[in-house]
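Asker: Have a look at this one.
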Amino acid sequence: MKTIDDYNFNNKRALIRVDFNVPLDEDRKVTDANRIEAAKPTIIKILEDGGSVVLMSHLGRPKGKESKYSLQHISSKVSEVMGVEVKFVEDSIGEEVEKAANALQPGEILLLENLRFHEEETNGDEDFARNLSKLGDIYVNDAFGTAHRAHASTTVVAKFFEDKCFGYLLAKEIKSLDKVLNSTEKPVTAVLGGAKVSSKITVIENILDKIDHLIIGGGMTYTFIKAQGGHIGTSLVEDDKQELALEILKKAKEKGVEVHLPVDSIIADSFSEQASTQTESVDNIPDGWMGLDVGPETIRNFSNVIKNSKIILWNGPLGVFEMDTFAQGTIQLGQAIAEATKNGAFSLVGGGDSVAAVKKFGLEDKVSYVSTGGGAMLEMLEGKSLPGIEAIKN
Ligand SMILES: Nc1ncnc2c1ncn2[C@@H]1O[C@H](COP(=O)(O)OP(=O)(O)O)[C@@H](O)[C@H]1O
Ligand SMILES: O=C(OP(=O)(O)O)[C@H](O)COP(=O)(O)O
């Protein structure tokens, strides 16, 4: 496994894929810089070698050039964390970008605009990747959170480089997750919540062989509840995943995996901190209302399962924890996991927002391992090889 320790970057320009997909507030201020801090050791090593750095990342899932997803919003935070004034360029390919990259002096950092402003990024377009490759001498992948995406900057670009390697973060994540993969302790409990229903629901099917309990919460809940005939009002749902949800429940039963779904929800009449709220049975949400957190009975049930688990994997908040009104489920689940960890369980938390939640509620040091990747962590635990990792190995 080639890492940046195998290279001296003196007078070299590194093109680094980082995952700076960080949570932002309404004023587009970074609310959790964990993923930026996690990439710091790699960037600093290259600068200290006497090299320069071109950073590329995506932010969110923009449809075209949406200014709210500009990486300019995070540029000052990157400067602050690195202790170096970062230069920013308003695109990720093209003449202007190449000029800015060529002008970099040793010790300098250039941050590119959001890669996903070009649809060629997510399409894994070869020409786009070739254009990106012109920006550096050595390609470094340190974007663990995006290693499960076969995109131009995470995978395709690697083939245009003789010299390519893993950054410190990616190497550390691979090693740490391997440890969990090789563990034989039981029972294993996976907690899945959050909002990315379609990308994560498919993962569930594949981890069923590796777990004993499956706790479902957050936005993921309502696709399951609706599929079972429940009323979910205007809660987050992905209708085309209902059949898969039923299949998962059936398969789980066959495999002896206990599935724990919420029984009650904190519902709201709008997606807002000021909304009217109520506690309601999870399958009886009136029209015009949406479930934004799990209810008290659900929290008790989930905590009991957690208490008896030996390995706990958590990705996805149980509610819209960014708003205090809907944070209780996530807080109390986090506390139950911290308690179980104190009593000897191994707990692994991953995902941009999940880690932000854990940090916000002061639980970061009370869990065993915090991964920068959510979907990437889950896919690795499925036993899949991730395209971003394979591209460097080959
Ligand atoms: N019931 C819900 N309805 C809508 N959004 C939710 C709900 N529960 C949690 N969320 C949102 O899910 C988001 C995190 O989802 P996701 O990106 O899948 O997690 P992670 O980044 O940890 O992998 C949070 O911003 C949170 O507000
Ligand atoms: O935040 C991310 O993943 P996560 O929500 O699984 O932690 C990564 O930046 C990947 O983003 P994507 O799921 O839009 O490809």
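A Cβ is built for glycine as well, from the same backbone N, Cα and C atoms used for every other residue.
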Asker: Using only what TrEMBL says about ATP binding by Gly291, Glu322, Gly351, Gly352, Asp353, Ser354, identify which of Lys186, Lys200, Lys210, Lys241 is listed for that site too.
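Answerer: My reading of TrEMBL gives Lys200 as the candidate in that site.
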Asker: Asp19, Phe20, Asn21, His58, Leu59, Gly60, Arg61, Arg116, Arg149 bind substrate according to TrEMBL; which of Arg35, Arg130, Arg300 goes with them?
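Answerer: As annotated by TrEMBL, Asp19, Phe20, Asn21, His58, Leu59, Gly60, Arg61, Arg116, Arg149 share the substrate site with Arg35, chosen from Arg35, Arg130, Arg300.
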Asker: Let's check the environment of Gly352 (ATP binding site): how many other CB atoms sit within 10 Å of its CB?
Answerer: 21
Asker: List, in residue order, those binding-site residues out of Arg35, Arg149, Lys200 with a Cβ under 6 Å from any atom belonging to ligand 2.
Answerer: Arg149
Asker: Largest pairwise Cα distance, Å, within the listed (2R)-3-phosphoglycerate binders Arg35, Arg116, Arg149?
Answerer: 18
Asker: In whole Å, how far is Ser354 (ATP binding site) from Arg116 (substrate binding site) when you measure between their Cα atoms?
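Answerer: Spelling it out, the Cα of Arg116 (substrate binding site) and the Cα of Ser354 (ATP binding site) are 23 Å apart.
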Asker: Within the set Asp19, Asn21, Arg35, His58, Gly60, Arg149, which binding-site residues show a CB-to-ligand 1 distance under 6 A?
Answerer: none
